[in-house]
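Lifted from Swiss-Prot, the feature list:
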- 14: active site, nucleophile (ACT_SITE)
- 20: active site, transition state stabilizer (ACT_SITE)
- 21: site 'Important for catalytic activity' (SITE)
- 57: phosphoserine (MOD_RES)
- 133: active site, proton donor (ACT_SITE)
């Protein structure tokens, strides 16, 4: 008899839900699909800690990089709410500022594990642990974010499923 593992829900977080977290959501979904693991997830989503870009499509550079790599991205910005801490198993931030903001609003006793996406870095020198905000940077910064997020997504799937 095979025991079926419970499905999990994952939310990716950045400041505005405009550059990094929508990219993370899209890449993670892409990697889940490639690995044929859709049946292991209830929800995969992304949010911002702020309301700067609620209802907006992601930054055009995020969309461009995803499309160049064959990753579908279709998202409108949303802000994380306290209720989400009981709807998701993992709430994953891109940098320390995201984690600090999340911990300020996380209700005591909620089920979500708040963690840094870089926690899945194997520290073998492939990528840096912190996914820096590319907002003020150029397209190479978005490309590097793509590399980091792809790497962390693959590591998450290896270690958590």
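Going from the start of the chain as shown, residues are counted 1 onward.
Backbone N, Cα and C define each Cβ position, glycine as well.
Source: prediction; values computed, not measured.
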Neighbour count, 10 Å Cβ-Cβ cut-off, for residue 133 (active site, proton donor): what number do you get? 19
Residue 20 (active site, transition state stabilizer) sits from the residue listed as 'active site, proton donor' (Cα to Cα, rounded, in Å) at a distance of 7
Around the residue listed as 'phosphoserine', how many other C-beta atoms are within 10 angstroms of its C-beta? 15
Could you tell me which three-state DSSP class residue 57 (phosphoserine) falls into? coil
My understanding is the cutoff is Cβ-Cβ under 8 Å with a sequence separation of 6 or more in the same chain; which residues meet that for residue 21 (site 'Important for catalytic activity')? 12, 13, 14, 46, 47, 48, 94
